[in-house]
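Working notes, beginning with the structure itself.
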Amino acid sequence: MSLVLVAVLALLGLCLIAGAILGFAAVRFKVEGDPIAEQINALLPQTQCGQCGYPGCKPYAEAIAGGDKINKCPPGGEATIQALADLLDVEPEPLDAVEGEKPQMVAFIREAECIGCTKCIQACPVDAIVGAARQMHTVIVSECTGCDLCVEPCPVDCIDMIEVGSTVQSWKWDKPLAPGQLIASDREQAA
């Protein structure tokens, strides 16, 4: 019985020593991150499309945390701008004119011309293109962000970016103003 007790105590001692070493290492080698950049990154759409002028969502989040504008993300749109404005306690701005509001585009692969090289699949940051090697590829329209990153690597130039037309699901209209918010000229036009 005493041999078992010695073994248990030896293991307990080793565990305590290893725990102390790990605890010291965790405190000593702690990596400091910017918590606000992580919160901003969580709000971005994670398409990694580069339409904002940065190579991905995390660098853009770090730039926003450093003071860059919050209105450069077309895939996120107005909802992301509003969420970022609420988080950072700043006024929301309309999408930037350079990177900003463009017609919604989606990739279209002319399947008869596709040679199945898979270069577009590798370039797509959101995995919106499906297909196999030496087989035709197609785009999952609901997943495509219109980032245009799949067009350039295509060796046979069979990918086009086409504008998504307005549908019942995507159609938007201006919200009417409350009567107290109308100015005199608006009231005259409404009458």
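Including glycine, each Cβ sits where the backbone N, Cα and C put it.
For the [4Fe-4S] cluster 2 site, Swiss-Prot records Cys114, Cys117, Cys120, and the single candidate of Cys144, Cys147, Cys154 listed with them is Cys154. Site annotation for [4Fe-4S] cluster 3 in Swiss-Prot covers Cys144, Cys147, Cys150, and the matching candidate from Cys124, Cys158 is Cys124. Reported as a whole number, the C-alpha separation between Cys147 ([4Fe-4S] cluster 3 binding site) and Cys114 ([4Fe-4S] cluster 2 binding site) equals 20 Å.
Taking the Cβ of Cys144 ([4Fe-4S] cluster 3 binding site) as reference, residues of its chain lying under 8 Å away and at least six apart in sequence are, in sequence order, Val106, Ala107, Val126, Ala128.
Here Cys150 ([4Fe-4S] cluster 3 binding site) is positioned 12 angstrom away from Cys117 ([4Fe-4S] cluster 2 binding site), judged by their C-alpha atoms.
Listed in sequence order, Pro75, Pro125, Val126, Thr145, Cys147, Asp148, Leu149 are the same-chain residues at least 6 apart in sequence whose CB falls under 8 Å from the CB of Cys49 ([4Fe-4S] cluster 1 binding site). Mapped onto DSSP classes, the region 'Hydrophobic' (1-26) shows 25 helix, 0 strand, 1 coil. Cys52 ([4Fe-4S] cluster 1 binding site) sits 23 Å from Cys154 ([4Fe-4S] cluster 2 binding site), taking the C-alpha atoms as the reference points.
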